[in-house]
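Lifted from TrEMBL, the feature list:
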- 390-410: region 'Disordered' (REGION)
- 36-56: transmembrane segment (TRANSMEM)
- 77-97: transmembrane segment (TRANSMEM)
- 103-123: transmembrane segment (TRANSMEM)
- 135-156: transmembrane segment (TRANSMEM)
- 176-198: transmembrane segment (TRANSMEM)
- 205-233: transmembrane segment (TRANSMEM)
- 245-264: transmembrane segment (TRANSMEM)
- 276-297: transmembrane segment (TRANSMEM)
- 303-324: transmembrane segment (TRANSMEM)
Amino acid sequence: MEGGNSPNLQLQQLPLATAAVSVQPHTDSFSYKENLIGALLAIFGHLVISIALNLQKYSHIRLAGSKDPRAYFRTKTWWCGLFLLVLGELGVFSSYAFAPVSLIVPLSAVSVIASAIIGIIFIKEKWKPKDFLTLRIVVLQAEGCGLAIVGTYLLITFGPNSHEKMTGENITRHLVSWPFLLYMLVEIILFCLLLYFYKERNANYIVVILLLVALLGSMTAVTVKAVAGMIVVSIQGNLQLDYPIFYIMLVCMIATAIYQAAFLAQASQLYDSSQIASIGYILSTTVAITAGATFYLDFTGEDVLHICMFALGCLIAFLGVFLITRNRKKSVPFEPYISMDAMPGMQNMHDKGIAVQPDLKSSFSYGALENNDNMPEIYTPATLPIVQEQHGSRGVSAPPYRVLEHSKKE
């Protein structure tokens, strides 16, 4: 019996094995197509966002340079930029439903490349014409764009192919998994420490602020994929909007995005935009990839070659963004003629210990020295002339300035 049944079992198992072999390439091909769709949506979204932001900035610059009394929101250019901005954000949002987080997040380098090119060509704010004569700046800028494009290609080619239905059960299972809970514990502790040093110790370092942004951004990326994926699954016929986890992820997505924008606004007030773009991109991408790999298990089943090539693509993109942003012109802050330490009650001291700025509480003489009997005649200050002003209502005449009595040594 056993000998007679074994050929039949082998014949029955052969079609199953053949079917399994035929299904695997189809699954890989389908996952790669999903990756490509998600990557194209993300690239399209970042390009449109860059165009939208530059259009809105152009509308502000045009109104500021003209005598047009209209507000910026009454111009067609600004509304066109707003429409493109919403369209681009929808493209980036929908890309998370097709491709893993670890693939979508690094593609924000496209916006850095597009903003640099658009800003140079249309707004012309980055360099003065004489700066284009410097070959070193032009070469480094071209190298940065080329490296960013090569890194983007490697990210799309060797990106993770993990695709999972974003159902309420799967998201809940990932949310309570031990790796993610441990990751969340470490992230919360790190976030609280950074927030303490930033708020209480005045540690206004750019790395501290942008690391806070990166930690919030990683949670934004995780929640955006959950919300976008559940919406797509609901559109396909399997309703997921009745799960409480959907609304929890939605609230977390909105909250982290708002606080992330708040910290970015604070960083923009303290540091140059080029530094924020390069350092923020590197930190946000690294933390978001770690969060995606921990929550969604993006690199599960990937071989070492794909992981190494993906990491190489990230490093090349990092270097490209750094080269692009480091050549931007930094704005020089306005420095007044009078030193900021020449405030009431404070004096700017000369090399020999003689005050060269007046104490504003005792004298209104601009640039005059205080009266000092021990000073030589050469340091005798000049005072403002006394102007007598009659006030008819009060009938009292008084000089507008306090008269300084100066005596010369005979």
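A Cβ is built for glycine as well, from the same backbone N, Cα and C atoms used for every other residue.
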Does the transmembrane segment (77-97) make contact with the transmembrane segment (36-56) through 3 or more Cβ pairs under 8 Å, each pair 6 or more apart in sequence? yes
Same-chain residues at least 6 beyond the ends of the transmembrane segment (205-233) whose Cβ lies under 8 Å from its Cβ atoms: 93-94, 96-98, 100-101, 104-105, 165-168, 171, 187, 190-191, 194-195, 197-198, 240-241, 243, 245-246, 249-250, 252-253, 256-257, 259-260, 263-264, 266-267, 270-271, 275-276, 279-280, 283-284, 286-288, 290-292, 295-296
Counting only residues 6+ away from its ends, which parts of the chain sit with a Cβ under 8 Å from the transmembrane segment (176-198)? 204, 208-209, 211-212, 215-216, 218-219, 290-291, 294-295
